[in-house]
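A.B. asks: What follows is a single structure, and I will ask about it in a moment.
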Amino acid sequence: MDQLKRQAAARALEEVRDGMQLGLGTGSTAKHFVELLGERVAAGLKVIGVPTSEATRADAERCGVPLTTLDEIDHLDITVDGADEIDPELNLIKGGGGALLREKIVAAASDRMIVIADDSKWVPTLGKFPLPIEVIPFGLGATRHAIEKAFAACGVSGQMAVRKAKDGHVFVTDGGHWIVDAQLGRIADPASLARALSAIPGVVEHGLFIGLASSAVLAGGEGIRVIERRKPKGD
Ligand SMILES: O=C[C@H](O)[C@H](O)[C@H](O)COP(=O)(O)O
């Protein structure tokens, strides 16, 4: 599996050109991209990156990838990031590693988002992977109630749980928020659910990435597939 993730990362690296400003994703697949990018930088490639998490910042620094922020620059050429699920419209579930908020900000600031994954992430319909919803701890009971209403309005339902870290404490995101993971099973209309969740005041962001991915690089036993999004970015 790790080999497939690295192959997908290597294929995405072929899209990177000298002088590009890059969004650097988070997770085990994106980490391969950062490592391979570091090798190219050591060989003379001139790029600058914006990390989507503190973990990726540390990886990029270790690999010698020069970094900046979206305060210093306001636009990126390509973001390369992993995903937890990818559907045929290139809608995504992201946030299994808790980095969804910065990942979405960075993807939205990019001309192109290339998703890299092993082909186990390719699904006909999103929802088997628990949907991460980043919330403000204040008023969580009311926010959960509003989320349940949004689920009902969008024809989905399922158990919700506040994410815990390995040490048993509540998982806290890089932005200081909590994550509620929702076991929905099948999300028939991810765009409607994304809109409904975004309208809830206590929801900071959610892991549905709709219309952000430009292409997906999927590595499997039979080789690499590159799937391009048909609609323009944002649609
Ligand atoms: O918050 C984490 C990110 O959305 C990851 O890109 C996603 O969870 C996929 O991670 P991995 O490549 O480790 O499966």
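A Cβ is built for glycine as well, from the same backbone N, Cα and C atoms used for every other residue.
For GLU103, the entry in TrEMBL reads active site, proton acceptor. The substrate binding site annotation in TrEMBL covers THR26, GLY27, SER28, THR29, ASP81, GLY82, ALA83, ASP84, LYS94, GLY95, GLY96, GLY97, LYS121.
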A.B. asks: Between ASP81 (substrate binding site) and GLU103 (active site, proton acceptor), how far is it from one CA atom to the other, in Å?
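C.D. replies: If we compare the Cα positions of ASP81 (substrate binding site) and GLU103 (active site, proton acceptor), the gap is 8 Å.
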A.B. asks: Taking the Cβ of LYS94 (substrate binding site) as the centre, how many other Cβ atoms fall within a 10 Å radius?
C.D. replies: 30
A.B. asks: What three-state secondary structure does DSSP assign to THR26 (substrate binding site)?
C.D. replies: coil
A.B. asks: Of SER28, GLY96, LYS121, which binding-site residues are close to the residue listed as 'active site, proton acceptor', meaning a Cα within 10 Å of its Cα?
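C.D. replies: None, since no candidate lies within 10 Å.
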A.B. asks: Determine which residues of the same chain, besides THR26, GLY27, SER28, THR29, ASP81, GLY82, ALA83, ASP84, LYS94, GLY95, GLY96, GLY97, LYS121, have their CB within 8 A of the center of the CB atoms at the recorded substrate site, and list them by sequence.
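C.D. replies: My list of surrounding residues reads GLY25, ALA30, ALA99, GLU103, ALA117.
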A.B. asks: Of all the binding-site residues given, THR26, SER28, which has the fewest Cβ neighbours within 10 Å once its own Cβ is left out?
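C.D. replies: If we count Cβ atoms within 10 Å for the binding-site residues THR26, SER28, the smallest count is at SER28.
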A.B. asks: Would you mind pulling the DSSP three-state label for LYS121 (substrate binding site)?
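C.D. replies: It is helical.
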A.B. asks: Could you give the maximum C-alpha to C-alpha distance in Å for the residues THR26, GLY27, SER28, THR29, ASP81, GLY82, ALA83, ASP84, LYS94, GLY95, GLY96, GLY97, LYS121 that bind substrate per the record?
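C.D. replies: Value for the max Cα separation, rounded to a whole number: 15 Å.
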A.B. asks: Please check each of the binding-site residues THR26, SER28, LYS94, GLY96, LYS121 and report the ones with a CB atom less than 6 Å from an atom of ligand 1, ordered along the sequence.
C.D. replies: THR26, SER28, LYS94, GLY96
A.B. asks: Tally every other Cβ atom lying within 10 Å of the Cβ atom of LYS121 (substrate binding site).
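C.D. replies: So the Cβ neighbour count for LYS121 (substrate binding site) comes to 22.
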A.B. asks: Only counting partners 6 or more residues apart, tell me which same-chain residues put their Cβ under 8 Å from the Cβ of ALA83 (substrate binding site).
C.D. replies: LEU92, ILE93, LYS94, VAL115, ALA117, LYS121, PHE209, ALA213, ALA216
